[in-house]
Amino acid sequence: MDPLNESTVNVYLPDSYLKGVISFSETNAIGSCLLKRPYLKNDNTAKVAIENPVIEHVRLKNAVNSKMKISDYKVVEPVNMQHEIMKNVHSCELTLLKQFLTRSKNISTLKLNMICDWLQLKSTSDDTSILSFIDVEFIPSWVSNWFSNWYNLNKLILEFRREEVIRTGSILCRSLGKLVFIVSSYGCIVKSNKSKRVSFFTYNQLLTWKDVMLSRFNANFCIWVSNSLNENQEGLGLRSNLQGMLTNKLYETVDYMLSLCCNEGFSLVKEFEGFIMSEILRITEHAQFSTRFRNTLLNGLTDQLTKLKNKNRLRVHSTVLENNDYPMYEVVLKLLGDTLRCIKLLINKNLENAAELYYIFRIFGHPMVDERDAMDAVKLNNEITKILRLESLTELRGAFILRIIKGFVDNNKRWPKIKNLKVLSKRWTMYFKAKNYPSQLELSEQDFLELAAIQFEQEFSVPEKTNLEMVLNDKAISPPKRLIWSVYPKNYLPETIKNRYLEETFNASDSLKTRRVLEYYLKDNKFDQKELKSYVVRQEYLNDKEHIVSLTGKERELSVGRMFAMQPGKQRQIQILAEKLLADNIVPFFPETLTKYGDLDLQRIMEIKSELSSIKTRRNDSYNNYIARASIVTDLSKFNQAFRYETTAICADVADELHGTQSLFCWLHLIVPMTTMICAYRHAPPETKGEYDIDKIEEQSGLYRYHMGGIEGWCQKLWTMEAISLLDVVSVKTRCQMTSLLNGDNQSIDVSKPVKLSEGLDEVKADYRLAVKMLKEIRDAYRNIGHKLKEGETYISRDLQFISKVIQSEGVMHPTPIKKVLRVGPWINTILDDIKTSAESIGSLCQELEFRGESIIVSLILRNFWLYNLYMHESKQHPLAGKQLFKQLNKTLTSVQRFFEIKRENEVVDLWMNIPMQFGGGDPVVFYRSFYRRTPDFLTEAISHVDILLKISANIKNETKVSFFKALLSIEKNERATLTTLMRDPQAVGSERQAKVTSDINRTAVTSILSLSPNQLFSDSAIHYSRNEEEVGIIAENITPVYPHGLRVLYESLPFHKAEKVVNMISGTKSITNLLQRTSAINGEDIDRAVSMMLENLGLLSRILSVVVDSIEIPIKSNGRLICCQISRTLRETSWNNMEIVGVTSPSITTCMDVIYATSSHLKGIIIEKFSTDRTTRGQRGPKSPWVGSSTQEKKLVPVYNRQILSKQQREQLEAIGKMRWVYKGTPGLRRLLNKICLGSLGISYKCVKPLLPRFMSVNFLHRLSVSSRPMEFPASVPAYRTTNYHFDTSPINQALSERFGNEDINLVFQNAISCGISIMSVVEQLTGRSPKQLVLIPQLEEIDIMPPPVFQGKFNYKLVDKITSDQHIFSPDKIDMLTLGKMLMPTIKGQKTDQFLNKRENYFHGNNLIESLSAALACHWCGILTEQCIENNIFKKDWGDGFISDHAFMDFKIFLCVFKTKLLCSWGSQGKNIKDEDIVDESIDKLLRIDNTFWRMFSKVMFEPKVKKRIMLYDVKFLSLVGYIGFKNWFIEQLRSAELHEIPWIVNAEGDLVEIKSIKIYLQLIEQSLFLRITVLNYTDMAHALTRLIRKKLMCDNALLTPISSPMVNLTQVIDPTTQLDYFPKITFERLKNYDTSSNYAKGKLTRNYMILLPWQHVNRYNFVFSSTGCKVSLKTCIGKLMKDLNPKVLYFIGEGAGNWMARTACEYPDIKFVYRSLKDDLDHHYPLEYQRVIGELSRIIDSGEGLSMETTDATQKTHWDLIHRVSKDALLITLCDAEFKDRDDFFKMVILWRKHVLSCRICTTYGTDLYLFAKYHAKDCNVKLPFFVRSVATFIMQGSKLSGSECYILLTLGHHNSLPCHGEIQNSKMKIAVCNDFYAAKKLDNKSIEANCKSLLSGLRIPINKKELDRQRRLLTLQSNHSSVATVGGSKIIESKWLTNKASTIIDWLEHILNSPKGELNYDFFEALENTYPNMIKLIDNLGNAEIKKLIKVTGYMLVSKK
């Protein structure tokens, strides 16, 4: 924008630089200039265009005057001509169309034959191809007319483009039929001689018309082809069956309607979508769902209709068009009715059709958009008064805050820091302390209001330096306010402004004049990386005078007031910063936002979501409630503009607090109202009246101030998060489950809620009721914060998902393939009309017709139709290259004809069109792509393609086929391909040169531009980049073999790959041309280069075929086919110059697998079978059953550390270094290289970084790096197939492959096998009309060639690494300092349990190696005492060591010493000297000698304790002879000198921050230098605390003692008499089975009586016991009293005991016996004899209670348990009693076997021979089970107190000849017998204390006796909702919600009342059954109470029944 040269300033940018938008103002300007009267609207544009038109319009005017007479023609607007232009069939191109189609069929035949050959589908004898269903002779007119129309208009445009290339700014005049066109790039005219009308429009309008014709042709062509195929064989064509005649009628009706209604008519077209939506709802939903929506919609349409005429008349007032007549309301209404009828007929009740039509509306053209109008609409929206509800806003803020808290807890295991904790209630403070949050169910609105008051402290920070990621945002920006006039053509501005503007630009810096963010930085010579932060911190952006918001037309929907706003670069960077901070720090807490997902992710998410909500999967919940579900899709009107400061700030403030900023996140709301909003569209200048400062210009259309709302696209992320929080609130209020996906205002919400169905409420009604209720709630919620739901675009459905325009119903996604191919045509998506890119676009777009099991044939026909057109027709006259392309193509074809010796020219073309582009053919879609889409290796695939192609070409000789591959292999080496090209894709044969050339062009262009950049950062980096890029190759130049991916990895691990990003970004086609020249024109040199590139590409095949070296050997398989894999490898290795390159080949499934349709499963292959039984599965889509297939990334283990701390760059750098280590593993010198790279980029040594690096696990580097893995696009559409080999590890083929390749990563070969198999199923079904039931893919071993990983030789050249890393500028990642490293390596204790990957060595103190942890902690503890003592002496008044004496007895003294030494060094070595010196170590040890002797006295006192002494003796026997503390001191110091260093546990506080910072720094230095130490952390405040926790964590006690113990524990003095205690136990009833039938066919239960009971009545007589009550069920004296008498044991061993109740009973029965007690130290159960202590009163009779044992040693299934069983008691295990609950039978047997092993090997037990018994609990199984060898069962006891339905029994086992265990049947049988014949005994005495404890734990405050009065009192308590009782204990579990409490409590009270009122009866099952049957609310009782609670309830019930009079 150089102001001195007027011509460059005033570049005419036509509206075509805005994609797809047709500018109203420009059209108006053109017309007004030509007519000298306002054209479309009388506004300022018309005025300036008449007075001072731009020079281009004047030229156009002159041309018109000379070439066309328009004076007597009627002037109309462009849309009025649309109907006539579309119907203007000038010449019929039917013959051309037939030619293209015929050729397309021939070319497709070859491809089809290839498919059939590979799939082994033989054609039948009459040999008619399916392609013959497409009859070229009968192409309907509704296809051919569109082709002719498009062809003619396209010809005109191409002719114009050719002219323009020769002479810029040329004007072309041509007539087409009855129309005459004048075309120029800055305005066009059409004149109709038929209707005597004339119209003016922009070049874009013409292009749009051309595209519309093309789209209509493509749509109709697909419809016709598909229907012809489907008529003859169902399933060949597409799934939709639209009617071409009708689509044609639809186009015509709409065109006619638009031609009458002018531009305003498009507002009707916009409503069609809604109409189709209502049709879709009518198909998928029940009437009540769709009617409402339909009515709203039709009302909307008629509303629009009534407004049309007024709108139009208002606009054309006092213009040329004023007198044109406007149609009557009735006329338009009739046309509208026709259109809708047409749509309805087209849809024909078929969802596929509806989905397809939903998109077809791009086929009617685009409206012209009036920018000023759109802007006025924005202005109006923002002036609306909003009424906001404060409470709603507060709830919204609370929900937002809760999300952040949840996010912190989930990610960082803590809450964010809070300033004002006191605003929280007790309950929330509890969560805060517990570092947790409540579940959704526990929340209420009140909580949100409470949380809203929280204020956070800063958790994240604004980056210090401007980050490259920000600079690389290539966004558009506006000129600053004083230069805003640069936007408009200078002619349009008054003189005064022009002059002042010249002055201003002259003084302005370059960076202010640009319109892109990137250039704003590039051209800034004062750029300072730290500036942005100070700009933010000082908040200058809030008062910046240069701020301006300019709105331009960018969106298609401008008509409804969506504007695209731009602001100057300085402010734009603030916004980029805010967005980036949100995206990095806060968006992760809101997973529902779709802003962060790519397309494939989205597709997967949608598939999962629709699968979940599908009607077919609706279920009832466990309480048999129907789960009502509905889905709501909302669209909010003017979502962005409805946000005001008030609504944004409530959440923005929270974000500000977290980032420590002020108003950074809603700054726009603070500043925009003070700013002028101006319409910055070129042809819409404001009326200035000569005023330069736009703040002083009066408001007018297109310029206003005081903009209140948000601006489209500016705070999207924040607003989306607010919307999510709002839905959180709604969900809590309605107690509904909501799943939502949101993207700004477009929300898809699923709601579900259980309901009870009743008479009038069926499932549909329940769903509907829920949907309406929720919609109302959502609407109200939005209304309260000032938003309005759009009626026409908000709908509810039971099962229809619709988001970002993808329709899914019943869990099935409806692909809309036609939509995707509307745009296919020649020269698409190219700037320089490159033939190769264009062909690739055609290929990939047409493939959309194949994916998801659509039609492969339609895809082939359409693709080849356009490719043939492109190559054989369009290339004859290329706008840039003239005839050169066609000549080159002819040469190539001739060489093909000669080489393959083909007679007919057509066959040559067919063949060439099927040779893949990689070899210079014409086929952009390699064969494999129709079957699987992730390719490991293009080259192999291309070779396989050619192999199959030549196989089916019958007219080519075999020798020729082989010689083709020889020619391929004899391709000459490429001299110019160096490392640079390796950086790109080394896959295709011709690509090296191309890659080299393009990358050269880009690099030179960009680096030269960058190096001239005034911005120091960029210029330095450009020079650095160009200098160093080649040198990277040198680093690894001596390493062989050369390995492209390795080089790539090396390249990326050197930090300047960020520089490459800049280069690539700038060299992207668009921006490079913009940089090279100011306009979007392209210069001659570019054109020449592009043309020569195209010629090179087209000539590749003839170059390949020109040389054939006959001596080359071609590898051939036994069956005569080639081995493609090897050819590919050889080719790749030989086509590079002087490098031994490792071939990264990977087999192609198309050649390495044979497809066999067989049902025998013994075939060694991969089996894929169909899941459904239908003959075909077309149409019913979606896997409803297991779907197999996954897209795998390389597996890597990421070490566990706190990743939050690192920046994104640091994480990327670590990843790159990890990859580097992985690839070059084992290469000499690798460590040094890595060390240099680490120091250069991260600033710390490799050694320290090592624990942070990810570790890759795959064996085969080669493939893992080269397999690019993309998920298949299949899942939701193909019918469900499954594969029997979920993994190939088990498949028989695996054997064969493993034998051949060793244990290599074979799965790689099969990466694609499954998705391929599924596609095959689908394709076979299309081609044959039936679906194979099963197919097997059999690998051919010769073809599978897995490379071993390369063994690298040679050394790295380090010298350059220093140079490259020291040259770093903006690109180097941040350095990591040692302290951060320390923080990162600290997994908190909590994190460990969950992480399954946690390597045992990663964190040394993980609590499982107790001895080591203990020793280390003790050593640290003593060191702590030492350092404390050095600081202050008085600490030793109390003996510190004593508390831990017993712990010292278990330590490992060696570790103790090592840790002591290391810790000492860290505490004392902090004098700042270098740690390396040995002296420092000695110094700190010498210092010990001088330490006060009080310490040594104390220390030695502990160490000389007898048990500790024994332990130390193991380390050094000399210890025995030491006397006195002096001797100890000398000995200890001597030992210390020789000790090694060792890792230390460090202490952190509750926040997770380190406590001893100084020492830690030294420790980190130690790590860096020598040791292989790891950092470990314990989160406690001091070592003594940590120590106790460590040990107690292993012991039991901490959770059992929390339960309130109501027992006589307090007065332990009175010794309780055991025999009297026995009366509290009830008498026991049992049956003893001695000999029993063990056959498994034992009929189940011979008794007919079967009790139907729901409650655990076996607890009825156990009311005297609280914690456990096994003793009420089983008794030693009653069961095996005789045995006890015989053996007379002194000690009984109870293992697997819980709270020790059985032991207590035994203690009462045998007062003299002592006990050994073992219980599994599991957190879930008691591991302390609590009940025993309660009953007996003290523990003196338990001689070994398992104190101090770890978890393994208390687990009876572990050997260590039995080894330590005699650690105290030296008595034999005469009788061992086991009451353990084992997970499964195996564990029971483990225990038995270990018991047997023990008693047969232990020297104490063996003295008793075989007279040892095990009395154990066992759950019988159905089958016959043998006991382990040499263990026999003597008797089985069935207890009355066991669960009735279970199969629990107690067996007495001894040593002897093994026999069988009883089976389920007999146990059941004798259980029933006992149940029928016996009553339960009640205990003789009642223990009131226990009963009271039971009552209280059941219902707090329940007292005994339980009578009517007591229950009434309880009821009264319930109704008084007092605060303090809201937290109470019910059955031992805390319950917070008072509602639940009342629910549970009232349930309990009801039951107790029922018991109170029932009669007294005998305690037997008949009576219990009667009790249950007479109680009406059984189900409620069982649903509301947990297991434990029910047991308590039965105990209390038993007490009530017993105490009845």
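Note that Cβ sites are derived from N, Cα and C of the backbone, with glycine treated the same way.
Annotation source Swiss-Prot lists active site, nucleophile at H1263, citing similarity to another entry.
According to its DSSP assignment, K1673 (active site, for mRNA (nucleoside-2'-O-)-methyltransferase activity) is coil. If you look up Swiss-Prot, you'll see K1673 (among others) marked as active site, for mRNA (nucleoside-2'-O-)-methyltransferase activity, on the strength of experimental evidence.
Feature annotation from Swiss-Prot assigns active site, for mRNA (nucleoside-2'-O-)-methyltransferase activity to D1779 (among others); the stated evidence is experimental evidence. Shown in sequence order, T1670, V1674, F1694, G1696, E1697, G1698, W1702, A1816, K1817 are the residues of the chain, 6+ apart in sequence, with a C-beta less than 8 angstroms from the C-beta of D1779 (active site, for mRNA (nucleoside-2'-O-)-methyltransferase activity).
In three-state terms derived from DSSP, K1817 (active site, for mRNA (nucleoside-2'-O-)-methyltransferase activity) belongs to an extended strand segment. Annotation source Swiss-Prot lists active site, for mRNA (nucleoside-2'-O-)-methyltransferase activity at K1817 (among others).
Summarising the annotation, Swiss-Prot assigns active site, for mRNA (nucleoside-2'-O-)-methyltransferase activity to E1848 (among others). Other C-beta atoms found within 10 angstroms of the C-beta of E1848 (active site, for mRNA (nucleoside-2'-O-)-methyltransferase activity) number 18, with every protein chain shown included. In the three-state DSSP assignment, the secondary structure recorded for E1848 (active site, for mRNA (nucleoside-2'-O-)-methyltransferase activity) is strand.
The annotation Mg(2+) binding site is assigned in Swiss-Prot to D635, D745. In the three-state DSSP assignment, the secondary structure recorded for D635 (Mg(2+) binding site) is strand.
Taken from Swiss-Prot, the feature substrate binding site applies to G1696, E1697, G1698, A1699, G1700. When other Cβ atoms within 10 Å of the Cβ of G1700 (substrate binding site) are tallied across all protein chains shown, the result is 32.
What Swiss-Prot lists as domain 'RdRp catalytic' is 628-811.
Marked as domain 'Mononegavirus-type SAM-dependent 2'-O-MTase' by Swiss-Prot on the basis of sequence analysis: 1662-1852. Predicted-model confidence for the domain 'Mononegavirus-type SAM-dependent 2'-O-MTase' (1662-1852) is 84, expressed as mean pLDDT.
If you look up Swiss-Prot, you'll see 902-1379 marked as region 'GDP polyribonucleotidyltransferase'.
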C-alpha spacing of A1699 (substrate binding site) relative to D635 (Mg(2+) binding site), in angstrom
61
Recorded positions compared (D635, K1673, E1697, G1698) - the one with the fewest other Cβ atoms within 10 Å:
D635
Fill in the CA-CA distance, K1673 (active site, for mRNA (nucleoside-2'-O-)-methyltransferase activity) to G1700 (substrate binding site), as an integer in Å.
13
Cα-Cα, whole number of Å: A1699 (substrate binding site) versus E1848 (active site, for mRNA (nucleoside-2'-O-)-methyltransferase activity)?
19
What's the CA to CA span in angstrom from G1700 (substrate binding site) over to E1848 (active site, for mRNA (nucleoside-2'-O-)-methyltransferase activity)?
19
Which site among G1696, A1699, K1817 has the most other CB atoms no more than 10 Å from its CB, taking these as recorded positions?
A1699
